[in-house]
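Asks: Mind looking over this structure? Questions follow.
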Amino acid sequence: MSGDHLHNDSQIEADFRLNDSHKHKDKHKDREHRHKEHKKEKDREKSKHSNSEHKDSEKKHKEKEKTKHKDGSSEKHKDKHKDRDKEKRKEEKVRASGDAKIKKEKENGFSSPPQIKDEPEDDGYFVPPKEDIKPLKRPRDEDDADYKPKKIKTEDTKKEKKRKLEEEEDGKLKKPKNKDKDKKVPEPDNKKKKPKKEEEQKWKWWEEERYPEGIKWKFLEHKGPVFAPPYEPLPENVKFYYDGKVMKLSPKAEEVATFFAKMLDHEYTTKEIFRKNFFKDWRKEMTNEEKNIITNLSKCDFTQMSQYFKAQTEARKQMSKEEKLKIKEENEKLLKEYGFCIMDNHKERIANFKIEPPGLFRGRGNHPKMGMLKRRIMPEDIIINCSKDAKVPSPPPGHKWKEVRHDNKVTWLVSWTENIQGSIKYIMLNPSSRIKGEKDWQKYETARRLKKCVDKIRNQYREDWKSKEMKVRQRAVALYFIDKLALRAGNEKEEGETADTVGCCSLRVEHINLHPELDGQEYVVEFDFLGKDSIRYYNKVPVEKRVFKNLQLFMENKQPEDDLFDRLNTGILNKHLQDLMEGLTAKVFRTYNASITLQQQLKELTAPDENIPAKILSYNRANRAVAILCNHQRAPPKTFEKSMMNLQTKIDAKKEQLADARRDLKSAKADAKVMKDAKTKKVVESKKKAVQRLEEQLMKLEVQATDREENKQIALGTSKLNYLDPRITVAWCKKWGVPIEKIYNKTQREKFAWAIDMADEDYEF
C-alpha cells in the first residue's frame, strides 16, 4: 500500500498549505477579498481531483467546502492534530475498500504497488458496468467475464457488499473512471493478448505423436447438417402458361418448374438431352390432372417465372448495407453453430455443413444425365457419424436420422446417397484440419519415397517393352505415359452412365495418331481425348522408338472404338504399382513429377538479383510448367479482355507519370548545376526517388499483365493445392525473401500451416 501512503502524505501537505494560507489571510484581510474567489476555484479543482481518486476524500472536501461557505475563515484555527486524526480514519477506510482503491489510483496515473500481485481475487472484479465498457468495443469482454467468477470466489463478502454500496452512493465515480480509461486506451492491451489467444488455438498436430494405423480420431462431436430451406410458393401474380393459357401448378410441380425457369437463359436448356431428362423427371412430380394436360415441354412458358427470379437477383444486388449486414450476421450465426466440430478436444472447422438444395443436374461436358432432378435430401436419408460418448445431433422436429454410426476409421461426419449417379456424398472437415493436413503430408512423403526408387522403376518398364507377353508390354507402355505425361490411370465406367472421359488405361485407338516424323521430330504420338471433368487433352509428344513400335503393334487389326490397351485395366496396373513400391499409385507419379518439376523450374528461373515482383513471376512460370504437364486447363475468364484493357490503361497512365517525373528530374539537375546549394541537391534526390518509385510501379503492372496473359487458359490453383509439395514453395520463399502471402492466400496458408512451420530454406523434395 506504498502508493496509498504517498497519496495520503501529499493530501496532508495540501491541508497544511490550506491552513497556512488562512493564517496569512488573518494578517492581510484587505487582500482576502481580492483573492477569495480565486482560491475557491483552486479548492474546487482540488476537490474534483480528489473525487476521481476515492470517495472518502471527496466527502472530506465537500465538508471543507460547506464549512468555508458557512463560517468563512473558521478553518484558520483548526488543530493540526485533528487533521492527522482524520487522515488516520481515511486510511482505515481505504484499507476497507481494498483493491478497489488501488485500481482507481492505477487508472488515474498512479503506479501500482508490488503487493497487488498478492491479491488476485480483487484484480479482475472491479469492472465498470456494461454500458460504460460498450463504447470501448473491447473484443475480449466475454472472455474476461468468463474469468471473473473464479476471482469472485476468493473475494471477502463483506468487502464486496461495502464496495457495491459505495458505488451506488456515488455514481459520479463511474464517469471519471471511463474518462481515465479513455485517456489510457486499454485497447492496445487487448491487441497484445489477442495474438496469444490465436496462437493457443493453433493446433500443431504435426508435433504430436500420430495415431495408430487406421484410427482417425478418438472423440468426435458435431451438430449435424443444415438442410435446404423449404420451398416458398411463387406470388399469385407470377403465372405459368401452357399452350398460351394460365395454369396453376401443384406445389411439387411448381418447385421443379422453377428450377428450369432459373436456367431459362442458360445454354443447358437448349440441349435436347437436358430437356428430355428434365421433362421426364418433372412429370413424376405432377398430379394426374397435370400429367394429362402438360404433354409437351415446347408448349410450356416459363417467362414470368424467369423474370421474377431475375428481379430477385437484382434486388439482392441493390440491398442496403444494413440488409447485407443482417444476412451476414445470420450466416455467421449459422457458421458458429454448425460450422465447427469437436475432435479430440480441439475445435475443427467443417468444410461443407450445408446440404445441397434440390435442383437440376448439369454434369460436366455432354453428360448423359444432365437435366435430371436432384431430389431434396431429408433427415431420413442422413447417416450421422460421431463418438459413442458424444451428444448425437438432434434431427429436425418430426424427423429422424437414417442411421447413427460410431466409426473412427473414417473421416466423414455425415453421409447420404444422391439419386442421380447413386454416389455417396459426405460432409467432411475443412482442408486446414488435422485429418486433411495429415493426409496431404502423407501423400507428399509417399511421393518423396518414389524419388529413391524411380530410376529402378524406369529401368524395369524399359526392359518390359521387350517382353514376350503382350500384357506386360502394354502395362510398361501405359506406365511410361503415366510417368512421362502425368496421365491419370483412368477408371472403367458403365456406358451411358457418365460422360465419355478417359484416362491412360481406357484410351481407345481413336484417341491417338502416330507420326514417324512431325515438325522435325521423330516418333511423335498425337493425343486427343477428353480427360477428367471433360477437359480436352491435346498433345504432340516425341517418344522413344520402342514405345512407338509397340503402339503400332497394339493398334494392328483394331477399329477406332477399340481399346488401345486391351490386355490392361486399372486393377492390373495398380497391383503392379503396389508390387514396385508400397503405396504407389498413378496419382503418386503425378504428385512426384509435379513437385520435382516445380523444384527444378524454380532453380532455373529464379535470379538472385531480381526484385520481389520478378521473383513472383518466375514462381508463376514454374507453376505454369506443372499445370501444363498435368493438363490443368481452363476457359479464359469472360471478363479477361476487359480486365486486360483496364490494366493496359493503368500501364499507359503510369508511363505518362514516369515521363513527367523524368522531365522534372532533368530540370532539377540543371538547376542544381547552376545553383550549387544544399536545397537544390535535396530536390534532385527527391525527384530521383520519385522516378525510382514510378519505375517500380510500372514494372509491377507490366509483370501483372504478362502473368495474366500467360495464365489466361491455365489453372494454376489445382496443381498448387493438390500436386505440389508446399514445403518446396515455403523453402523458396524463405530463401529469396518472398513473403509467403504473395504466393498463398489466407485459406491456403491455413491448409499448409504444417509445411510453413516445418520447412526451412534448405528443404529438398
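One-based numbering along the chain as shown.
Quick reminder: no glycine exception, Cβ is built from N, Cα and C everywhere.
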Asks: Where does the SUMO2 cross-link label fall among Lys336, Lys374, Lys532, Lys751, going by Swiss-Prot?
Replies: Lys336
Asks: Can you dig out which of the ranges 434-439, 488-493, 494-499, 566-571 Swiss-Prot describes as region 'Interaction with DNA'?
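Replies: Region 'Interaction with DNA', as annotated by Swiss-Prot, spans 488-493.
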Asks: Tell me which residue from Lys202, Lys271, Lys712 Swiss-Prot records as SUMO2 cross-link.
Replies: Lys712
Asks: From the list Lys280, Lys284, Lys291, Lys558, pick out the residue that Swiss-Prot labels N6-acetyllysine.
Replies: Lys280
Asks: To which residue among Ser112, Ser394 does Swiss-Prot attach the annotation phosphoserine?
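Replies: With Swiss-Prot as the source, phosphoserine is noted for Ser112.
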Asks: Test of record reading: of Lys223, Lys409, Lys452, Lys700, which one does Swiss-Prot tag as SUMO2 cross-link?
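Replies: Residue annotated SUMO2 cross-link in Swiss-Prot: Lys700.
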Asks: Sort the recorded positions Arg316, Trp412, Lys443, Asn574, Tyr723 by C-alpha distance from Lys642 (SUMO2 cross-link) and give me just the closest.
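Replies: It is Arg316, whose Cα lies nearest.
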Asks: Counting Cβ atoms within 10 Å across all protein chains shown, which of the recorded positions His632, Lys712 comes out on top?
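Replies: Sorting the candidates by Cβ neighbours within 10 Å, the top entry is His632.
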Asks: Taking each of the recorded positions Trp412, Tyr723 in turn and counting other Cβ atoms within 10 Å of its Cβ, which one has the fewest?
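Replies: Least crowded of the recorded positions Trp412, Tyr723, by Cβ count within 10 Å, is Trp412.
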Asks: Rounded to the nearest Å, what's the C-alpha distance separating Lys650 (site 'Interaction with DNA') and Arg364 (site 'Interaction with DNA')? Just drop the number here, would you?
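Replies: Answer for this pair: 37 Å between alpha carbons.
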Asks: Measuring Cα to Cα, how many Å separate Arg364 (site 'Interaction with DNA') from Lys443 (site 'Interaction with DNA')?
Replies: 27
Asks: When you rank Lys204, Trp412, Lys443, Lys532, Tyr723 by Cα distance to Thr501 (site 'Interaction with DNA'), which of the recorded positions ends up on top as the closest?
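Replies: Comparing Cα positions, the closest of these recorded positions turns out to be Lys532.
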Asks: How far is it from Lys443 (site 'Interaction with DNA') to Lys204 (SUMO2 cross-link), counting Cα to Cα, in Å?
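Replies: Their Cα atoms are separated by 19 Å.
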Asks: Of the recorded positions Trp412, Ser506, Lys532, Lys549, Asn574, which one sits closest to Tyr723 (active site, O-(3'-phospho-DNA)-tyrosine intermediate) when you measure Cα to Cα?
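Replies: Checked the recorded positions Trp412, Ser506, Lys532, Lys549, Asn574; minimum Cα distance to Tyr723 (active site, O-(3'-phospho-DNA)-tyrosine intermediate) goes to Lys532.
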Asks: Inside 10 Å of the Cβ of Arg364 (site 'Interaction with DNA'), count up the other Cβ atoms and send me the figure.
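Replies: I count 14 other Cβ atoms within 10 Å of it.
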Asks: Lys549 (SUMO2 cross-link): which of the recorded positions Trp412, Ser506, Lys532, His632, Lys712 is the nearest Cα neighbour?
Replies: Ser506
